[in-house]
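As recorded in TrEMBL:
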- 21-42: transmembrane segment (TRANSMEM)
- 31-474: domain 'Major facilitator superfamily (MFS) profile' (DOMAIN)
- 79-100: transmembrane segment (TRANSMEM)
- 112-133: transmembrane segment (TRANSMEM)
- 139-160: transmembrane segment (TRANSMEM)
- 172-190: transmembrane segment (TRANSMEM)
- 202-223: transmembrane segment (TRANSMEM)
- 288-309: transmembrane segment (TRANSMEM)
- 324-346: transmembrane segment (TRANSMEM)
- 353-375: transmembrane segment (TRANSMEM)
- 381-408: transmembrane segment (TRANSMEM)
- 420-441: transmembrane segment (TRANSMEM)
- 447-470: transmembrane segment (TRANSMEM)
- 502-529: region 'Disordered' (REGION)
Amino acid sequence: MENTQQGNGTTKENIAVKKKVNWSGSLILASLIGAFGSSFLYGYNLSVVNAPAGYIKKFYNETWERRYGFSVDEGTLTLLWSITVSIFAIGGLVGAIIVTPIVKFFGRKCTLVLNNVFAVAAALLMSLSLLAGSFEMLILGRIIMGVDAGISLSALPMYLSEISPKEIRGSLGQVTAIFICIGVFTGQVLGLPEIFGQESRWPFLFGAIIVPSLIQAVILPFLPESPRYLLLEKHNRSKAEKAFQRFLGKDDVSHEIEEVLAESRVQRNTKLVSIVELLRTRAVRWQIVTVVVTMGCYQLCGLNAIWYYTNNIFSESGINRETIPYVTLSTGAVETLAAVFSGLVIERLGRRPLLIGGFGLMIVFFAVLTVSLTLQNTVHWLPYLSIFCILAIIASFCIGPGGIPFVLTGEFFQQSQRPAAFMIAGTVNWLSNFAVGLLFPFIQAGLQTYCFLVFAGICFAGATYLFFVLPETKNKTFHEISQAFAKRNKVTLEMQEMNHYPGETKSSEEQESNFTSSVDNGETKKGIV
């Protein structure tokens with residue numbers, strides 16, 4: 001009876017703690033400013049090339065003719081434009097690969113601040129390319145902007161997850177996805193003919209990138225660094241306490257400090273696992289496969305093709321050219337609303353139904369879109385059905401596949417494995433992004449109205465895999481998720497614990513002693529072994 005009463009008392013205390021969680025001013029500001037200068041720019045650069053595509057191609061042709069005395073042929077122009085669009089992903093891949101040592105050396109916040117150097121340099125190159133008469137500057141600017149995006153899409157979620165209380169970590173994590181959607185929508189609005197969507201003004205679309213970057217570079221340095229980074233990697237307890245106090249809006253943060261230290265002692269090791277070590281760890285083999293599948297489908301399901309070539313798709317649908325920029329605004333608005341909706345229901349419905357259901361709905365609407373595009377010349381109202389299908393595909397993507405792959409990557413792996421896991425996920429993400437941007441124009445030219453059946457097939461393959469393999473991870477601890485994969489990985493739970501740190505044989509007592517000796521009232525002592 002006493003144990004029951006104690007358990008009930010603990011439960012009541014936990015409920016009370018959850019109710020007392022406050023969104024401090026520093027926490028809100030760090031989230032908004034961090035996302036505005038990072039994930040917002042990623043979304044903006046996905047859509048910003050859409051509206052001025054015709055003007056940029058004309059600029060390419062004029063530059064080519066001025067240099068070589070003849071116009072560029074259609075095939076070369078298509079290749080140049082595809083490279084301009086898809087080279088952004090190559091830069092993203094570079095950024096994803098180099099982010100791990102950068103965040104470890106400079107910290108999460110400082111990485112975001114320093115990353116603005118890439119954004120400003122890219123903005124200057126792209127906005128001045130027309131004046132300089134060099135399309136190479138535009139392409140170089142796109143790849144540098146990709147590096148910025150690759151770094152920020154890893155550093156920002158890491159920063160937000162480490163500064164937020166665990167009770168609202170999921171909600172705060174949605175800020176990244178929501179600002180991507182807002183960035184896409186902003187790119188569409190600024191690309192309207194009344195603003196920068198004119199032949200003489202399209203360079204301003206790229207120059208506008210400087211604004212969010214400068215705002216972040218000015219404000220973010222005055223906000224604290226990640227307290228977990230300060231405590232576990234810099235071993236500075238006093239600064240970590242001050243950071244917790246500002247982010248949580250309270251003076252007594254001893255519970256949070258002890259919670260972080262206890263988590264580190266449970267893990268018994270602070271050595272980061274390399275990619276090779278992670279790939280050789282049998283206990284996470286199916287988790288890695290699942291991350292690769294979900295992240296590959298995230299990019300290859302066809303949504304980026306819709307973002308990059310929305311105007312062409314609407315043109316093929318029979319929409320009047322003057323009306324297209326305004327119809328395109330609806331796609332950004334729908335994406336933003338769907339992302340907000342997903343954030344509100346993900347903890348109620350779970351990851352699995354939203355992810356599989358999202359892919360399933362995309363299959364249906366891709367099939368209907370193919371039929372409507374094929375028969376649009378026979379029935380006058382079919383172009384409107386095509387628009388509806390595009391909006392439905394975007395909404396279906398955003399309620400599930402649009403954000404959950406990143407959530408799963410964080411949930412499948414423990415602290416020491418996550419950097420390597422995110423590097424694998426980022427590599428698959430950006431390579432797939434590059435493939436879609438480069439190949440879609442040729443797929444569209446070859447298959448015509450049947451091109452979207454390719455994406456429907458990818459969605460079907462992904463949904464089928466996830467239906468049979470993916471367990472529900474909602475409200476589950478890392479231990480419980482590992483247990484769900486244990487049978488498929490053909491290991492016992494004891495073997496999983498041993499395999500988390502391949503090659504490490506130190507006792508937990510020695511590991512804990514080494515860790516404790518390195519953190520003492522904010523003073524840096526011995527490094528963690």
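Even glycines carry a Cβ here, placed using N, Cα and C.
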Within the same chain, where does the transmembrane segment (420-441) have neighbours whose Cβ lies under 8 angstroms from its own Cβ atoms, ignoring anything closer than 6 residues to its ends? I mean 6 or more beyond. 78, 81-83, 85-90, 92-93, 96-97, 99-100, 146, 150, 153-154, 272-275, 277-279, 287-288, 291-292, 295-296, 298-300, 302, 304-305, 308-309, 405-406, 409-410, 412-413, 451
Recorded stretches the transmembrane segment (112-133) and the transmembrane segment (21-42) touching, at least 3 CB pairs under 8 Å: yes
Among 21-42, 202-223, 324-346, 381-408, the most Cβ pairs under 8 Å with the transmembrane segment (139-160) come from 21-42
Is it true that the transmembrane segment (202-223) and the transmembrane segment (21-42) have 3 or more CB pairs under 8 Å, sequence gap of 6 or more? yes
PLDDT averaged over the residues of the domain 'Major facilitator superfamily (MFS) profile' (31-474): 86
Folded-back contacts onto the transmembrane segment (172-190), same chain, C-beta under 8 angstroms, at least six residues removed: 27, 31-32, 35-36, 38-48, 50-51, 153, 156-157, 160-161, 164, 196-197, 205, 208, 307, 325, 328-329, 331-333, 335-336, 339-340, 342-343, 398, 402-403, 406-407
